[in-house]
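What TrEMBL records for 12-34, 46-63, 84-103, 115-135, 147-169, 175-194, 206-228 is transmembrane segment.
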Amino acid sequence: MASTGMQVRSGVWGTGAWPWVLLLLSVAVLGFWVPYFSRLTNAQGLAHLHVLAMLAWLGMLIAQPMLIRGRQLVWHRRIGKVSYAVVPLLVISALALAQLRIREASPQALPIQQFILYLGLSASMMFVLIWGLGIRYRRNAALHARFMVGTMLTLIDPSLVRVMIFWVPGVPPPMYQWITFGLIYAILALLIALDRRAPRGRPVFPTLLGLFVVLHASILLVPGTAAWQRFASWYAAL
């Protein structure tokens, strides 16, 4: 998260975003409680690294707008530079974990792991794209703040799906992505409505909505293709 010389508006995406970051963190902890937090001593080092990077990113989403509101621009820039290390660490650890899991998958579990691999890789690409747009427009506070908070949306699917798997087992698996992306669409629709009178930055949330629609469509279409299965086999063999 890079620097900006303009004040960030208080709102659900500005300095008022911290309750929603904490809510997302709570959902993530609940979703990953069974597979990770309840068995920390048995977790892989890569998993620890990934979680630490994710916690660092969420912490930055809380701290950075507060620093702008407090006019602590020097600290905002310093912490922003940390994102150039945190984001690659977050993404690389996610890709490494995905490779490890598909490599260790049994033949019976391979089809679902190929699907999960696509979820992980596509979500990582979406995260990097949104973060990159935030960096690209780091001198424009209205665009920068919206894109950076938009990175949160990429965390909804992996967190909420695990909540359904471990805590709401009655939900049919084919409905997982419809539920998670339905929530993302609803959030973006609300943000678009709240943003309709904003003097600047209004194109961001419609842009994100379009990107997530494309991502959702690709999740429905790509993992079952022969080309993806060949790629997944190659990726597992790395």
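Cβ coordinates are placed from backbone N, Cα and C, and glycine is handled just like the others.
No contact links the transmembrane segment (12-34) to the transmembrane segment (206-228), because fewer than 3 Cβ pairs that are 6 or more residues apart lie under 8 A. Cβ atoms under 8 Å from those of the transmembrane segment (147-169) belong to residues 1, 13-14, 17, 20-21, 24, 27-28, 30-35, 54, 57, 61, 64, 119-120, 123, 126-127, 130-131, 133-134, 137, 176-177, 179-181, 183-184, 187-188, 204-205, 208, 212 of the same chain, restricted to positions at least 6 beyond its ends. Proximity of the transmembrane segment (115-135) to the transmembrane segment (206-228) is established through 3 or more Cβ-Cβ distances under 8 Å for residue pairs spaced 6 or more apart. Across the candidate stretches 84-103, 175-194, 206-228, the maximum count of CB pairs under 8 A to the transmembrane segment (46-63) is reached by 84-103. Beyond the ends of the transmembrane segment (175-194), by six or more residues, the same chain brings 11-13, 153, 156-157, 160-161, 164, 205-206, 208-209, 212-213, 216, 219-220 to within a C-beta distance below 8 angstroms of the stretch.
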